[in-house]
Amino acid sequence: RLYPLHALSVANIPNSSRGRTSARSSTIPTPEGLQGRRCKLLEEDSPMVQAGKRQRQRYVTKVGKCQVNLGNIQDKKRFLSDIFTTIVDLKYRWFLFVFMMCYIITWVVFGFIYFLDAWVRGDIGHQGDPEWQACIENVDGFVSALLLSVESQRTIGYGTRMVTANCAEGVILLIAQSIVGSMIDAMMVGCMFVKISRPKKRAQTLIFSKNCVISCRDEKLCLMFRVGDLRESHMVDAKIRAKLIKSRQTAEGEFIPLEQSELNLGYDTGEDRLFLVEPQIICHVINRHSPFWDMSAESLRRDQFEIIIILEGIVEATGKCCCLATGMTCQARTSYTEDEILWGYRFEPCMSLEKGAFQVDYSRFEMTFEVQTPAASAKELHELKELEQQEHSTLSLYWDHLLQPC
């Protein structure tokens, strides 16, 4: 039952490059393995181990990028069934490549068919013959057929090359190319519109404080962080959530890597819905339902976990590009590790009243100051408070009994 602390951290999940044989053999601990684990337990508090423990892999980066790579996906046909989302999710260089290749391939294919039809009917060999009734006029090679394909699909129409009414297959080919070209235009322009209007860049102006702080608020131990919006067009129906990412071992010995648990930011009272006009301090009250109920200042330095913050909202429609922004949902993410949590600090105020309006000073957005905060956990503080109340009630009963007349 002895497991080192780093076995429950994000950084020490078994690597996929390790073989299955070594993973199976490690499930049956030997006496030497147990002794080694005890030695690791004793060495966890050394400065070198503490320094190395901090250098670990994040689940979500500070800018909100998820550090999870999906591999060994067998059924790739699922991506082709939703080809629209697959194209939109491509990076811009691949998206532009697909965009250009869709047009180039259709131009080349239909140009080859035009050239083949003109060659089979003999239009290429009768160039300049006034008595020859050509199916496709002024096509003397593949390049001219390719130009006819581009002019037909893009409705350019220079007037030198054209399909005549002397052959039915030419008319059918022109109709087919027009339909295919319209379908490609609708799909590619739609994909381009959605990709440009996706509000991913809107999250760049939603900022989070670099550190979390823990201090007392209303006689309760609270974990707090600050969020702000740099734009004057505000988020509509902004909601904030927090997830605790921490590996743990169950009572049956099962190891659960990266278990997600919810942190209450006021969703039962509606405090998680923000009117994000000025920077706001988000508070998580550490009570008996919180996963930090037993955490003290000392255990914070030894533990390993990650807090994921997710801010969601609808992008407010602006006067300049309301068609692009209306109804688009934006999501901004960040994370805090245990070494980014400051025990016994508060955020400095960054808003003041100047010239009849509230002025926000974002240079003070990250500033904190130290306050007197007990180093005990919220559970210990709660038990101490209950003990003081019991002692006070017992003492009051004793004095009441002495003051009663005989």
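Using N, Cα and C of the backbone, Cβ positions are placed for all residues, glycine too.
Taken verbatim from TrEMBL:
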type: REGION; residues: 14-33; note: region 'Disordered'
type: COMPBIAS; residues: 16-27; note: compositional bias 'Low complexity'
type: DOMAIN; residues: 60-199; note: domain 'Potassium channel inwardly rectifying transmembrane'
type: TRANSMEM; residues: 94-116; note: transmembrane segment
type: TRANSMEM; residues: 171-194; note: transmembrane segment
type: DOMAIN; residues: 206-385; note: domain 'Inward rectifier potassium channel C-terminal'
_Based on DSSP, tally up the residues of the domain 'Potassium channel inwardly rectifying transmembrane' (60-199) by helix, strand and coil._
83 helix, 6 strand, 51 coil
*Quick one: average pLDDT across the domain 'Inward rectifier potassium channel C-terminal' (206-385), no decimals.*
87
*asked:* Can you tell me which parts of the same chain pack against the transmembrane segment (94-116), counting only residues 6+ beyond its ends and a CB-CB cutoff under 8 A?
replied: 87-88, 136, 139, 141-142, 145-150, 152-153, 173, 177, 180-181, 184, 187-188, 191-192, 195
